[in-house]
Amino acid sequence: MIWLWPFLVLVLQSCSPALSDSALSDSPYLVGMGSYDITGPAADVNMMGYANAEQIASGIHFRLKARAFIVAEPNGKRVVFVNLDACMASQLVTIKVLERLKARYGDLYDENNVAISGIHTHAGPGGYLQYVVYIVTSLGFVRQSFDVIVNGIEQCIVEAHNNLRTGKIYVNKGDLLDAGVNRSPSAYLNNPAEERSKYQYNVDKEMTLIKFVDDELGPVGSFNWFATHGTSMSRTNSLISGDNKGAAARFMEDWAEQNGIPKQGAHATNDGLEFLHRISGLPRRVSSIIPEPNEITDDLVQLASSYEASGGRRLSGSNITKRIRSTQQDKPKFVSAFCQSNCGDVSPNVLGTFCIDTGLPCDFNHSTCNGKNELCYGRGPGYPDEFESTRIIGNRQFLKAVDLFNSASEEIQGRVDYRHTYLDFSQLEVNVPSSTGEQQVVKTCPAAMGFAFAAGTTDGPGAFDFKQGDVKGNPFWRLVRNLLKTPGKEQVDCQAPKPILLDTGEMKEPYDWAPAILPIQIIRIGQLVILCVPGEFTTMAGRRLRDAVKKVLTSDNSGEFNDIHVVLAGLTNTYSQYITTFEEYQIQRYEGASTLYGPHTLSGYIQEFQKLATAMVANKEVPTNFQPPDMLDKQIGLLPGVMFDSTPPGVKFGDVSSDVPASSTFRKGSVVNATFYSACPRNDLLTDGTFALVEKLDGTDNWVPAYDDDDWSLHFIWSRPAKLSPRSFATLEWTIPEDAPSGVYRLRHFGASKPLFGSIKHFTGTSRAFAVR
């Protein structure tokens, strides 16, 4: 026995390298997935996207999430990609997230290998960017919006880091034809005919998906990139929503849960689709704790009628609101993200644009109706129901993603790598061809927005007499502009033919109105190359950038990049509005008027991304001479805080104001609602919790959570009787899904109230019970 132990040690030592090499060849990567709630304040805060001062959050359609993947080579480089259910990334958010990651992990994660991208929903709280022009309508900086996003990004990265395990990655791509149309076709037509002839469509129809498969658990997530705007929800909507991409992510995560992913093998089936898409067409978040369906009997109706509204009662804290989610923490979480790409001129309102007064199509060149832009709107496939349009466009992306997920067979193999730099886009020297074919040096300009910017788009028209395609401007608005800042001749010439409405790049009071220092970044995972851009590229601009980078990479004689897939991740790391082609810029529709740095902006991006790609091929580092400003200490927020909440005499928080009718029975597909005396949701965001709950009676006394405010079917709607009133109401509106089990249900509201003196108190209350057939 004494001699046997050394012999065994020698055998194990000689075997271990072979085992290690085998494991690495089977699974060359470590992969980790994570997600976290970033919903933010559901009251009083202006929504980011439409710049409509009247679009103030007042409830929740479904919650917003940050989702992350980490891919690492064992003992090698690693990359992090975060997808936000937010309008866009924010430079200030990125700076503060990186500070937290450095404090937690040292130099493991930094600006070079972390990318943070937004899906471009226009239904999330604003006030989290640091430049003045992006926070004017939110009355300045909103610390609550900012903090919840920073914290959520950190938490999802921590979760992904803790979940790192050996696994494989697959890539697949395919066309999705009916989820986006070009909203500025007249500008697209100004691109060279020879170039346009290379493409079948005037928007990109291709979705690229990567599938993550844990060696032991099976599939654990997927991320995909597809271009369509987050504007299925209109500029009048006031419920927080992830719009079509946020919806698609929830549908796919629900589908994965119903299919038992990640507990199955590498390939799932489509069986769960029928379950999620019954006659009602109302996909939702699914709770696995709902009992099996049972028939309604007179006894159950009588039982329901015995449960009256509970009345409001005080809670010791908000932890009780986490229970519907905490029941599912004992199993791995499937994470699915639907990321944004070159969506600049792509609308989800696929039925076309029409005048709301006549019903006739809008003017082709200017998107006006009798000269007025306010009357021209795009129509989604569920018109006139924006929730249905959101569901349909989200569902189409979801179904294509499932198809690509199930058929993915091309395994990603190769190095993990990245390049990143900062550039001063206010004065970037760019080499472009002259009219004689020779090279000439031009410059980008300090940021400025044109008159057509104020016209808005067919997804959300502007106001007054602005119109798209305006290359002249208006004398009255020039006078108004000059009260803020009169652009100099050099700036006017640089931005031509854009007539300048706001010279934001040269406006510095009380602090910078627009960014100048921008990040660009390339992330490589084997044959997948992600171009991270800080803005909204139009269709043709994105095509030119992808082609230019691919040409550099594939010129490498080693053949290492021969089979690469290049995707563009829009609205990443910071935000600088739009990027059009030079030819589209001449037309000065909304996108051209919002291309901040002048007509050569795209050429600047292409030149600098080619430098990054060249450095990646040569395995050289890229120096940077700039750093973006951190202006957190300069931020001004004018949104008043919550003073206090109150109820009428004799009424408690959580009491029912308008109850479900007594002894009522509802059929699947019908709507049930109840209204409660409530308090401002800004008192406690109930992050990772819920303001609204549908409970089902299990037995005779046990109520179990079935649907919450992250479910598609349940809306949380908050209101005040008057603008400055300390009183408020919460209406819970539940559209009963066709696949809801029959039984006895009730609605429950959670909230937190602020007294004039003292600390915030949490409360709850329930409606009268009712039967569902």
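Even glycines carry a Cβ here, placed using N, Cα and C.
Listed in TrEMBL:
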ACT_SITE  S347  active site, nucleophile
BINDING   H120, H229, E536, Y578  Zn(2+) binding site
DOMAIN    29-607  domain 'Neutral/alkaline non-lysosomal ceramidase N-terminal'
DOMAIN    609-772  domain 'Neutral/alkaline non-lysosomal ceramidase C-terminal'
SIGNAL    1-20  signal peptide
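Neighbour count (other Cβ atoms within 10 Å of the Cβ, all protein chains): 24 for Y578 (Zn(2+) binding site). Taking the domain 'Neutral/alkaline non-lysosomal ceramidase N-terminal' (29-607) as a whole, pLDDT averages 92 in the prediction.
E536 (Zn(2+) binding site) and S347 (active site, nucleophile) have their C-alpha atoms 13 Å apart, to the nearest angstrom.
A C-beta separation below 8 Å, combined with a sequence spacing of at least six in one chain, links H120 (Zn(2+) binding site) to G49, C87, M88, H229, G230, D243, K245, Q340, C343, E536, G570, L571. Other Cβ atoms within 10 Å of the Cβ of H229 (Zn(2+) binding site), summed over all protein chains shown, number 29. Here the Cα atom of the residue listed as 'active site, nucleophile' is found 14 Å from that of Y578 (Zn(2+) binding site).
Counted within 10 Å of its Cβ, the other Cβ atoms near S347 (active site, nucleophile) come to 25, all protein chains included. For the recorded Zn(2+) site, residues H120, H229, E536, Y578 set the reference point as the centre of their Cβ atoms, and the other residues of that chain within 8 Å of it by Cβ are Q340, C343, G344, V346, G535, G570, L571. The 10 Å shell around the Cβ of E536 (Zn(2+) binding site) contains 29 further Cβ atoms across the protein chains shown.
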